[in-house]
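Student: Pulled the feature table from Swiss-Prot, pasting it below:
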- K45, G52, R53, G54, S94, E99: ATP binding site (BINDING)
- N191, D205: Mg(2+) binding site (BINDING)
- N256, G318, I319, T320: substrate binding site (BINDING)
- 9-236: domain 'ATP-grasp' (DOMAIN)
Amino acid sequence: MDLFEYQAKELFAKHNVPTSPGRVTDSAEDAKTIAEEIGRPVMVKAQVKTGGRGKAGGVKYAATPDDAFTHANNILGLDIKGHVVKKLLVAEASDIAEEYYISFLLDRANRTYLAMCSVEGGMEIEEVAATKPERLAKVPVDAVKGVDLAFARSIAEQGHLPAEVLDAAAVTIQKLWEVFVKEDATLVEVNPLVRTPDDQILALDGKVTLDENAGFRQPGHAEFEDRDATDPLELKAKENDLNYVKLDGQVGIIGNGAGLVMSTLDVVAYAGENHGGVKPANFLDIGGGASAAVMAAGLDVILGDSQVKSVFVNVFGGITACDAVANGIVQALQILGDEANKPLVVRLDGNNVEEGRRILAEANHPLVIQAETMDAGADKAAELANK
């Protein structure tokens, strides 16, 4: 989960990373009030989860509260790379002597953590990597040893930060590592990390990505969820503990196990080539549970997608036997009632398959069509979606 800058700075404050004081708002009038409270020039910054805010006119210097009002009025509603600005961060403008770059991230290729540090802050780090690679330090971090002050100082030194700021920078770098580890982040980035004329080190910007898989031990992170930006179907699936990703096709997919669901997407896409080019509408993995409640929740999410014209339920019975899945489907259709209004192609195989098929046959629901194989089921679902 990507955070807005103001949310990243909330985590920074929690771990004593120094930042410039400010507040978030969604109104120009409030932006003026915040500027008056700060009593110094401020920066008015669009809160969007994308880069290039400055170039798009989303970051402005305001010398007076009236300037803050004017800039806020202009920035709110601005479209920045498809992201509409709904919130602003009004923060005290800082005097800047130098700008640096620091980040911690997962290095998936080398299966380790990585610190990146550069004296060339305030610009796109990709540009630094391309034009001045020698100015960008990439330092592997041992997950067990972590980052103490000495190692943090070494990271700053390798990033070519001036000798006179190494000690102060090391303190902030260690605290950013604390944010990375204790908040279960996959990215913590500060660009720029600045030195002020009086040699303070401040995180003027902040970019944090949290690992949603760690949500069970980070309940407080739920408050960072941007419900306005989250697809409502994905939000509903998440509330029901379903692994769901919306796609742009017409055939709804329900399966048990990520591997089987991925294979089902491929088979449906292939079958769709013979039926008007229809495609899978989603990824939905119900995992090991196929109870009536789980199946009803899954169908409710999929049928809420207006693009879906048919649904393909593809289940291989293992620990969860096919008869339990079949009972779940029958009961789910009873729970949903008239809301279940799209044809349902069901392919069962594996443990207790004959009993599962018998249960579906006896139920004789008008929407349910059984298929013997995955290929046959995919073909039928694609055919129905193309009608």
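From the backbone N, Cα and C atoms, a Cβ is placed for every residue, glycine too.
Describe the structural surroundings of these features, if you would.
Tutor: Reduced to three states, the DSSP call for R53 (ATP binding site) is coil.
When other Cβ atoms within 10 Å of the Cβ of N191 (Mg(2+) binding site) are tallied across all protein chains shown, the result is 24.
Within 10 Å of the C-beta of I319 (substrate binding site) there are 9 other C-beta atoms, taking all protein chains into account.
Looking just at the domain 'ATP-grasp' (9-236), the mean pLDDT is 94.
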Student: Looking at the binding-site residues R53, E99, I319, which ones sit with their CA no more than 10 Å from the CA of N191 (Mg(2+) binding site)?
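Tutor: Cα within 10 Å of N191 (Mg(2+) binding site): E99.
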Student: Pop the Cα-Cα gap between D205 (Mg(2+) binding site) and T320 (substrate binding site) into the table, whole Å please.
Tutor: 49
Student: Which residue, of the binding-site residues S94, N256, T320, has its CB surrounded by the fewest other CB atoms within 10 A?
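Tutor: Per-residue Cβ counts within 10 Å for the binding-site residues S94, N256, T320 bottom out at S94.
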Student: In angstrom units, rounded to an integer, how far apart are the Cα atoms of N256 (substrate binding site) and G52 (ATP binding site)?
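Tutor: So the Cα of G52 (ATP binding site) lies 41 Å away from that of N256 (substrate binding site).
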